[in-house]
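**Student:** In case it helps, TrEMBL gives these features for our protein:
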- 1-26: signal peptide (SIGNAL)
- 28-321: domain 'Plant heme peroxidase family profile' (DOMAIN)
- 38-118: disulfide bond (DISULFID)
- 65: site 'Transition state stabilizer' (SITE)
- 70, 73, 75, 77, 79, 91: Ca(2+) 1 binding site (BINDING)
- 71-76: disulfide bond (DISULFID)
- 124-317: disulfide bond (DISULFID)
- 203-228: disulfide bond (DISULFID)
């Protein structure tokens, strides 16, 4: 994977809180939150993620997705990590997450290492935020300073997960609206969608795209159909980007321009609509994409639980204390 670090933006260190100072400060987050209480937390998370991504690059993409699916449901509060119990139905088995979101055991392992260094100090939510940043960078993408100080929710909502997470059949308008509801602009939505430059999707999620959509490259559609029949094979995987599937680059946007988006919702970003011009810019300028993506990740990472939500620093990310 070494050559990925040589990309023009791989070493880009973005001090994005300078640009987003008010939101960061208003939410009580700080890059120095653990400076005295757990000064090595970032190094512990980075070391663990380096081993994980070296062993299985796809897991890097899964951790990025885990962060997004956490933040989009009642804020970045690690609610997605809570296991269901006989008296509690959380988010893991919501439609957008079940048999799809993965990496829970990675966060568990990192939490164990962090707890060994600083018991009861670092939240699971902050570990997910750090791990997602490291996943992006280890796959060749940008880095940024992670704002820290989140707390873990003592509750979760499968209903909210089903209502808040955009599906693979989403239109451009519904994507813009879903992100706007979280205070994220259409540009930030398009930049964050670029995370689909890495990772895989299940046949179930793109079957409609490759058999029913007309705005699709025919060669690309034929290739995807080989492993995704019209019935059966729901769990068969295909890379979002079949050119550089495990490199965090701007190939996602190049694919959209060539009508090679894997999901219907992907291709909606380049389909004669409001985001076409930005997609074209990103397709020709990976540095612009990297910068916008990093800033958008910081902003999304500032989404907090609603006022009054009971929170804590969990000792075990899967259950409340």
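Heads up, the Cβ atoms here are built off N, Cα and C, so glycines get one too.
Small disclaimer: the values here were computed from a predicted structure and weren't measured.
Quick one: how deep are these features, and who are their neighbours?
**Tutor:** Note: residue 118 (disulfide bond) has non-local neighbours 34, 37, 38, 40, 41, i.e. same-chain residues 6+ apart with C-beta under 8 A of its own C-beta.
The Cβ neighbour count for residue 65 (site 'Transition state stabilizer'), using a 10 Å radius over every protein chain in view, is 21.
All protein chains shown were included, and the count of other CB atoms within 10 Å of the CB of residue 91 (Ca(2+) 1 binding site) stands at 27.
In sequence order, 67, 70, 125, 128, 129, 150, 300, 301, 302, 303, 304 constitute the residues six or more apart from residue 76 (disulfide bond) in its chain with CB-CB distances below 8 Å.
Counting every protein chain shown, the Cβ of residue 228 (disulfide bond) has 24 other Cβ atoms within 10 Å.
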**Student:** Tell me the Cβ neighbour count for residue 317 (disulfide bond), meaning other Cβ atoms within 10 Å of its Cβ, over all protein chains shown.
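**Tutor:** 22, counting other Cβ atoms within 10 Å of residue 317 (disulfide bond).
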**Student:** Taking each of 65, 71, 124, 203, 228 in turn, which of these recorded positions have a Cα lying within 10 angstroms of the Cα of residue 77 (Ca(2+) 1 binding site)?
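**Tutor:** Of everything listed, what lies within 10 Å of residue 77 (Ca(2+) 1 binding site) (Cα to Cα) is 71, 124.
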**Student:** Can you tell me how many other Cβ atoms are located within 10 Å of the Cβ belonging to residue 71 (disulfide bond)?
**Tutor:** 28
**Student:** Whose Cβ lies within 8 Å of the mean position of the Cβ atoms of 70, 73, 75, 77, 79, 91, the Ca(2+) 1 site, other than those residues?
**Tutor:** 69, 71, 72, 74, 76, 78, 80, 153, 156, 160, 161, 305
**Student:** Round to the nearest Å and give the CA-to-CA distance linking residue 79 (Ca(2+) 1 binding site) with residue 203 (disulfide bond).
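**Tutor:** Cα to Cα, residue 79 (Ca(2+) 1 binding site) and residue 203 (disulfide bond) are separated by 27 Å.
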**Student:** Neighbour count, 10 Å Cβ-Cβ cut-off, for residue 73 (Ca(2+) 1 binding site): what number do you get?
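**Tutor:** So the number of other Cβ atoms within 10 Å of residue 73 (Ca(2+) 1 binding site) is 29.
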